[in-house]
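Q: As listed in TrEMBL for this protein:
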type: BINDING; residues: 90, 92, 96, 135; note: Ni(2+) binding site
type: BINDING; residues: 90, 92, 96, 135; note: Fe(2+) binding site
């Protein structure tokens with residue numbers, strides 16, 4: 001399956017319709033997007049009305065409502081105001097599902113380190129953003145896109161601009177165990193080990209391949225345990241400076257807070 005293009009953004013205040021890539025560029029993989037709850041499909045937009053693949057996705061995920069929006073200065077009422085509203089950082093209490101039928105656009109999402117990731121959307125791209133994630137939307141320099149908007153049940157258009165941390169859905173997203181980071185830490189003499197669960201995932205530069213994002217497999221005897229000593233674990237905790245749970249080999253849990 002073709003993969004979507006995404007990257008970490010720079011801090012420039014230049015025209016937000018420009019790519020805003022870092023120099024050198026830091027691309028973001030589809031797997032990294034999935035780890036923050038963003039999912040993607042590449043479809044044939046020319047047959048969207050009769051596409052069996054789209055129909056299956058809608059059936060499997062319960063997307064019962066859809067409409068089409070054309071974002072163009074000659075076709076969208078209050079065009080400038082709408083674009084300004086779309087680009088305000090916000091969250092929704094439900095998933096956001098968009099399918100690009102024509103043109104180009106950008107979705108920007110916050111990662112676990114609160115860094116902006118820009119996702120380039122082109123014709124045939126279908127994306128889902130999880131409820132509770134901070135994000136925004138903008139056109140590219142072409143100033144045009146046409147998109148299908150999908151919902152589970154009746155459409156909900158309400159956006160809550162940041163800060164909106166008081167909502168339960170935001171708290172659930174920020175602490176969702178399915179996106180938490182698990183890894184094994186062995187004693188220096190390799191005589192025993194413990195499992196560490198962080199409240200939020202580490203960024204890729206700190207995980208260094210040590211992370212298991214499938215909690216159900218972390219306590220499995222067949223799981224291959226990386227060899228981390230206490231010094232390495234301390235460095236990882238220092239990078240986050242946040243609450244963690246330490247899980248023993250028998251699944252016992254006790255709360256513990258790392259020191260900044």
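Glycine too: its Cβ is placed from the backbone N, Cα and C atoms.
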Q: Near the Fe(2+) site, what residues other than 90, 92, 96, 135 in the same chain have a C-beta no further than 8 Å from the centroid of the listed C-beta atoms?
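A: Going along the sequence, the neighbours come out as 91, 129, 133, 134, 136, 159.
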Q: Please report the number of other Cβ atoms within 10 Å of the Cβ of residue 135 (Ni(2+) binding site).
A: 22
